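Database features, via TrEMBL:
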- 390-488: domain 'Calx-beta' (DOMAIN)
- 502-601: domain 'Calx-beta' (DOMAIN)
- 1-28: signal peptide (SIGNAL)
- 74-94: transmembrane segment (TRANSMEM)
- 169-190: transmembrane segment (TRANSMEM)
- 202-225: transmembrane segment (TRANSMEM)
- 231-251: transmembrane segment (TRANSMEM)
- 727-751: transmembrane segment (TRANSMEM)
- 804-824: transmembrane segment (TRANSMEM)
- 836-856: transmembrane segment (TRANSMEM)
- 877-899: transmembrane segment (TRANSMEM)
Amino acid sequence: MASTTNFRPKLAMGTFVLLSVALSMTTASVTNGASSPSNRSIHAAGQHSDTKCQDGLILSVWQPEDNLTTGDRIARGLVYFFSLLYLFIGVSIVSDRFMAAIEVITSKEKEVRVKKAGGEEQIVVVRVWNETVANLTLMALGSSAPEILLSIIEIVAKNFKAGDLGPGTIVGSAAYNLFVIMAICVLVIPDGEVRKIKHLRVFFVTATWSVFAYIWLYLILAQISPGRVDMWEGFLTFLFFPATVITAYVADRRLLVYKYISKQYRMNRRGVIVQVEAESAMEMNNRDDKLNTIDENGGISEEVRDFEESRREYISALKDLRKKYPQHDLEQLEIMAQEQLMNKGPKSRAFYRIQATRKMMGSGNIMRKISERAQSDLSEVKAELQRVDVDEPIEEDAACRVFFEPGHYTVMESVGEFEVRVVRRGDLASTVTVDYETEDGSAEAGSDYIGKKGTLTFAPGVDEQRFQIQVIDDDVFEQDEHFYIRLSNVSEPAALSTPKVATVMILDDDHSGIFALTSRDHELVESIGTYELKVQRYSGARGRVRVPYWTEDGTAKAGKDFEALSGELIFENNEIEKVIQLVITEEGSYEKDVLMYVNLGEPQQIGGIIEAAERKAPEELTEEDKMALLGRPKAGDIVRAQLRIKESKEFKNTVDKLVQRANASILIGTSSWKEQFVEAITVSAGDDDGENEGEEPPTPSCMDYIMHFVTLFWKIIFAFIPPTDMAGGYLCFVVSIFCIGVVTAIIGDVASHFGCTLGIKDSVTAIIFVALGTSIPDTFASKVAAIQDKYADASVGNVTGSNAVNVFLGIGVAWTIAACYHSFHGREFEVEPGTLAFSVTLFCSEALVAIVVLMIRRNPKIGGELGGPKKAKIVTSIFLFSLWIVYLLISSLEAYGIIKGF
């Protein structure tokens, strides 16, 4: 990929070539002026000597302007030329601030609570602005603000008379955008790769409006009211702007007639779900059907599926990173996955333009901020989740609480006596008393235990009391039994709290025991690492017993979700509990839900009279052996456990929070003036793509330093613009557009003086120099977008919409103001059709050809508007670029009367 730095000398060289062409053309027109009957040729030829340059809105004409030699004119022309270049840099930088405000405004998000299919509530983050509406309104205004404002300012500067510079710049910029930018975007895609327009229906609508806009210009200039523009024509031109936005929105949302057309969908990485043509929809076949099943009415279900898709991509990235960097811990991998989600996700038109401007001006690459942002996001999310856990409210109804701790006791029948503990929590300043008393359960006082009751006294500062309970031992086989101990009559100000009843389980130890798992169903999270599955021994604990166990696959697979395990548990005499250590593999799955099983085999006595009796034949058993066999170990009711492995709640919540924060537009905003001034005076590497994890950022190149110091004046001046965090970006929006207006007014004056000094007509200056200068940031933005984006919308699809908006806003507003002014004074607003009508007609003809070429490239042999086979790329790029050269050449020849126009 060619670097931005390599484009800078080529840009300057190309501009000088165009300047030479314009100068030679002017000289030719002067030489042939006497023989040409055209008034425009005579006027052009006489500009050097007879025509006086007029003062601009801000800048006066360079004096003196009489008796200038050719050398003086060339010297002044060079000064004006370099001043124009510097002003173009300035307007690019202030447009950077303007676009940042627009990006912050249009990327506003809100949380929406929705219910999933199973009834579970989920909070998803959705964009407030519709993507199509944002692209055709604020985004188009931001990228075309200099051209639009130049047209309006020129009208005001010329006392509401029509000029050539503003409209010429709009048409020239449209030609450059459609032919040159598309040619570059087609060429820079790596060989064999293609980029297709995803919002194809919206593209057709905006392409139609973009061609219609220039056809409409021709009609009002040369057909409907030749030589003048009426107030209704100007106002109607402006009204076509909201009509463009509405029709594109209707196409995007499938409203009105689109509701009855078959629907197929594809969703982007994060933004919105979009509709595609049948050919493009085939790419969806390998996706999850459930995820892509969208109701016809759209609605919030679209946003839910966007959110789910983003999470799937995050999980996929995390899994890939785990394989690539097995030595990294989970937190490092989460940061890298978040960085990829923000880096590879689709960006807006504003994002790419700002990135291109900052790279050109030595202000660094926005993408480098992504790593810092990802780490910051993860830290904030972890802290937020931790706060949620810590701050979970505990309901306490009393200042002092009294309860058993623990609330359950398991003792052997042969234990004799055991100790029961009662504690109090809260205010310990007062004396508290509480009564206790045993109650029969299946165990009876007098035969299984000694009943007891009494009163416990907690002196000030004392937080626990203990008492003894006695268990009666016998030699009779019996089931395990239990009884209760109850607290009552606590003195004020204390209150009883749970557990206020303790359960005591007495295990009969005259039997080898019954062995079983504690529960049939278990639920655990994959991040648990090791899960302890308990095996209990009850109804006796006499002797040593072995219990075999093994794991079994379900939907969870050994080696993938858990480690296979088999073995034996050895219970020693009077031992009543053992643990099977299950190792669960954490693979970072989102919404994981798989099953595995653990089985217990038949328990077997180890040694002793029971084992000896089991080896004898039935007829050889003695009475003693038969009595011993009655107490042999047995398997209980639960010898097979089902374990459901689910995703980690912390991991799930982390994913949800990070996906919600994966908004790259936040990177281009600023929160304080200090941040803006620090960025203004800091030199950063412009050609770093920020795509290599873990690498140190490169040092700025020599060209980065040169461009930084050249543009330092503009950076510092425009650092005074309010940060985007103030007033939601609207304050920055207003101040930035005012600054763009001021710089654009100066550009208009300098461009007019430049052309007048060298004898170049304003219409030629507009289409060659001003249009080129104002479109350079868009060139690099589209180039980067073409390479980085999966689709062609951000690089090409927005060009047609922008071209239409330029006419409807730039010319519509300017001509409406002028027509209203002249109508108020009882005059007509006169607009000479001449060069503008001819230029518009030429552009419309070539634009139709260019759009047809792009549509032809969608056939399977190439596969998309951008990229494709190397030969196809080169041929398409040369053809599109030649359309621009032809447009410049023929328009310039017509402007000087060398060929006949309207």
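Counting starts with 1 at the first residue shown.
Placement of Cβ uses the backbone N, Cα and C atoms for every residue, glycine included.
When Cβ distances are compared across the two stretches, the transmembrane segment (804-824) makes no contact with the transmembrane segment (74-94), since fewer than 3 pairs at least 6 residues apart fall below 8 angstroms. For the domain 'Calx-beta' (390-488), the predicted model reports an average pLDDT of 81. Mapped onto DSSP helix, strand and coil, the domain 'Calx-beta' (390-488) counts 1 helix, 53 strand, 45 coil. If one looks beyond the transmembrane segment (836-856) by at least 6 residues along the same chain, the residues whose Cβ comes under 8 Å of a Cβ in the stretch are 164, 167-168, 171-172, 174-175, 178-179, 182, 207, 210-211, 214-215, 217-218, 221-222, 763, 767, 796, 800, 865, 876, 879-880, 883, 886-887, 890-891, 894, 901-902.
In terms of DSSP helix, strand and coil, the domain 'Calx-beta' (502-601) has 3 helix, 58 strand, 39 coil.
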